[in-house]
Amino acid sequence: MKSKRSLAMANGNQLEQKCCPADKSCDSHGEGCPSQQKSDKDTEAPKDHVTPQAEKMSGDMDEPLISCQLVESNPNLIEIPSQSQTVGILGSGDFARSLATRLVGSGFRVIVGSRNPKRTAGLFPAAAQVILQAEAVSTPEIIFVAMYREHYSTLSSLSDLLVGKILVDVSNSTEKEHLQQRESNAEYLASLFPSCTVVKAFNVISAWSLQSGPKDGNKQVLISGDQQKAKYKVSEIARAMGFIPVDMGSLAYAKEIEAIPLRLLPKWKIPAILALGLFICFYTYNFIRDVLQPYIQERKNKFYKLPLSVVNTTLPCVAYVMLSLVYLPGVLAAALQLYWGTKYSRFPDWLDHWLQHRKQIGLLSFFCASLHAVYSFCLPLRRSSRYLIINEAVKQVLANKSNIWNEEEVWRMEIYISLGILALGILSLLAITSLPSISNSLNWREFTFVQSTLGFLALVVSTFHTLTYGWTRAFADSRYLPPTFTLTLLVPCVVILAKGIFLLPCLRHRLARIRRGWEKKTTVKFVLPTDYPHTEKTSHV
Ligand SMILES: Cc1cc2nc3c(=O)[nH]c(=O)nc-3n(C[C@H](O)[C@H](O)[C@H](O)COP(=O)(O)OP(=O)(O)OC[C@H]3O[C@@H](n4cnc5c(N)ncnc54)[C@H](O)[C@@H]3O)c2cc1C
Ligand SMILES: NC(=O)c1ccc[n+]([C@@H]2O[C@H](COP(=O)([O-])OP(=O)(O)OC[C@H]3O[C@@H](n4cnc5c(N)ncnc54)[C@H](OP(=O)(O)O)[C@@H]3O)[C@@H](O)[C@H]2O)c1
Ligand code: HEM
């Protein structure tokens with residue numbers, strides 16, 4: 001197999017031939033333009049040297065891999081130079097087609113092995129050769145097995161032809177198959193062809209991602225295998241196609257890699273269930289309190305509140321409680337560390353899990369708070385709201401009142417709306433910094449400041465927003481059930497109070513010392529063996 005440098009060279013060569021036959025007609029003589037590469041190569045680089053453009057083509061994701069419009073619109077025009085590296089593919093399905101297109105676009109010669117080449121050849125780029133399986137495997141050193149596991153055994157007739165080849169297993173299983181099968185698909189393939197080297201790769205990349213290029217999908221190609229050299233060669237192909245190869249270790253790790261595409265947002269399951277559970281509880285409570293109770297007691301029909309008003313009372317409660325649940329585990333952890341007098345004792349599992357899910361809980365809180373803001377801005381748009389205002393106006397006229405301005409109510413609303421907007425603004429900052437591209441650009445201190453300090457500030461501001469919204473209604477309300485906001489205040493107030501207590505100098509200093517490694521009592525004692533020569537001098541260096 002060729003080195004990275006010669007691969008890159010192949011890319012450059014291929015692009016040269018792909019378009020701009022007149023060397024002038026290409027509109028975009030940019031970095032990716034083949035005519036530009038041609039002039040660079042012709043003038044300065046000998047055949048076995050890599051031009052800067054060619055080197056860039058092999059790894060730089062910003063460069064288009066199939067650079068010319070002409071080629072993109074009609075891949076049949078591609079011609080592959082004879083010195084390009086040859087890669088084989090067994091299978092002619094969706095994955096094989098996307099892989100072949102990408103490989104051809106990246107300057108490889110592609111030979112596809114199919115059971116029925118006549119039927120499938122038309123679906124591949126013209127530059128890819130589609131022939132019978134037995135013919136296809138003779139030339140290439142690296143062969144992608146783009147078939148399902150259950151069909152691997154049908155390849156047994158090719159055993160002799162495959163001796164010494166590198167087989168790339170790209171397969172995935174269903175969840176059921178994954179649980180039932182003890183060995184990974186890659187290990188199974190290796191057991192069928194002991195004379196080959198099997199490398200697991202590309203299963204985490206979808207056919208769509210391959211076709212649209214790494215810009216629009218996952219860029220990492222996880223690779224595992226027992227032979228370093230074989231892994232390196234597959235890595236170079238991945239890199240040449242614009243992906244980032246990640247070495248995951250031996251073939252024994254293939255099972256783990258095969259499990260990755262089966263996972264569906266694993267870290268979100270518990271936080272999502274928590275949010276849904278809280279939503280159902282608060283919605284039911286609000287329905288009973290704001291709709292059912294007035295209907296039973298006073299025969300008032302307030303069912304119109306169900307789609308919007310009750311939802312807008314429920315969403316902020318979920319957002320607010322979830323926000324407090326982001327900061328509660330930190331408080332519990334601090335309390336445990338103070339109690340134990342060490343940071344080296346393991347937290348209970350439930351607390352450990354809770355601490356690990358804070359990001360997802362926080363983002364769901366932000367999601368609910370954002371919806372609450374939109375719902376709140378829509379409250380005055382409702383027809384019910386307009387009827388209520390007109391009815392109030394009529395009542396006022398009949399009662400001969402000319403002015404019902406209530407200074408306290410005006411101030412209360414101005415303040416609580418403003419505090420709500422402020423809290424949402426701070427939460428938006430937290431949400432933005434949780435994006436990997438942003439968090440990677442922050443140092444640990446900056447990230448902690450935003451997440452820990454500003455996040456806690458958001459909780460405090462939300463508490464004032466809720467308190468000013470509720471004002472004296474907690475006590476003035478004549479209904480049996482207390483207003484919802486009084487229930488929501490419990491956990492956040494406990495968290496704020498506890499954080500306040502931990503800020504007391506005596507506790508703050510002790511906590512800071514514990515988190516720097518200080519311990520109340522040393523639990524690990526170093527006992528010297530009885531036969532140790534006590535007189536011998538030891539070095540303390
Ligand atoms: C919208 C939103 C987005 C979020 N995004 C993220 C995210 O991307 N990533 C994320 O992790 N969380 C995220 N969170 C959750 C939350 O903001 C953070 O987990 C936050 O750091 C929790 O702060 P804390 O003060 O409770 O605890 P911590 O920051 O864990 O710790 C409390 C204090 O202890 C100190 N401390 C903690 N551990 C140690 C130690 N081992 N040694 C010394 N000092 C220590 C810290 O400096 C801090 O002062 C998000 C929350 C929201 C609302
Ligand atoms: N599609 C994706 O997005 C994707 C992503 C990651 C991984 N993968 C993996 O890639 C592999 C292929 O997936 P795919 O989507 O391309 O599947 P597919 O469209 O069903 O293609 C499978 C190919 O296997 C070949 N084959 C060989 N022997 C066969 C037999 N006995 N019965 C049926 N087919 C046989 C067929 O090609 P011939 O008829 O030409 O021989 C067929 O086209 C799978 O292991 C899959 O898990 C797919
Ligand atoms: C743009 C931002 C915000 C605006 C405009 C806003 C507005 C409002 C309004 C109008 C109400 C009264 C709802 C009603 O009449 O039923 C309210 C209540 C409430 N808001 Fe906000 N809010 C905002 C952000 C937030 C945030 C970020 C939180 C907390 C995370 C929050 C928590 C609450 C709570 C708990 C209530 C009380 C719900 C109840 O029991 O009725 N709000 N807010």
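The backbone N, Cα and C atoms fix where each Cβ goes, glycine too.
What you are looking at is a predicted structure, and each value in this text was computed from that prediction instead of being measured.
The region 'Disordered' annotation in TrEMBL covers 19-59.
According to TrEMBL, the compositional bias 'Basic and acidic residues' annotation covers 38-50.
Counting residues per DSSP class in helix, strand and coil order gives 33 helix, 23 strand, 31 coil for the domain 'Pyrroline-5-carboxylate reductase catalytic N-terminal' (86-172). Feature annotation from TrEMBL assigns domain 'Pyrroline-5-carboxylate reductase catalytic N-terminal' to 86-172.
Here TrEMBL flags 270-288 (among others) as transmembrane segment.
Here TrEMBL flags 317-460 as domain 'Ferric oxidoreductase'. Confidence annotation: the domain 'Ferric oxidoreductase' (317-460) carries a mean pLDDT of 96 in the model.
Outside the transmembrane segment (318-340) by six or more residues, the chain places 271, 274-275, 278-279, 282, 347, 351, 354-355, 358, 361-362, 364-369, 372, 427, 452, 455-456, 458-459, 462, 466, 488, 491-492, 494-495, 498-499, 502, 507, 510-511, 514-515, 520 with a CB less than 8 A from a CB of the stretch. Annotated transmembrane segment per TrEMBL: 318-340 (among others), in sequence order.
The transmembrane segment annotation in TrEMBL covers 415-435 (among others).
Long-range contacts of the transmembrane segment (447-467) within its own chain (CB-CB distance under 8 A, at least 6 residues past either end) are made by residues 316, 319-320, 323-324, 326-327, 330, 362, 369, 416, 419-420, 422-423, 426-427, 429-430, 433-434, 439, 485, 488-489, 492-493, 495-496, 499. According to TrEMBL, the feature transmembrane segment maps to 447-467 (among others).
Residues 285, 316-317, 320-321, 323-325, 327-328, 331, 334-335, 338, 456, 459-460, 462-463, 466-467, 470 of the same chain lie 6+ residues outside the transmembrane segment (487-507) yet bring a C-beta within less than 8 angstroms of a C-beta in it. For 487-507 (among others), the entry in TrEMBL reads transmembrane segment.
With helix defined as DSSP H, G or I and strand as E or B, the domain 'Ferric oxidoreductase' (317-460) counts 120 helix, 0 strand, 24 coil. Same-chain neighbours of the transmembrane segment (270-288): 306, 310-311, 313-315, 317-318, 321-322, 325, 353, 357, 360-361, 364, 368, 481, 484, 487, counting only residues six or more beyond its ends whose CB sits under 8 Å from a CB of the stretch.
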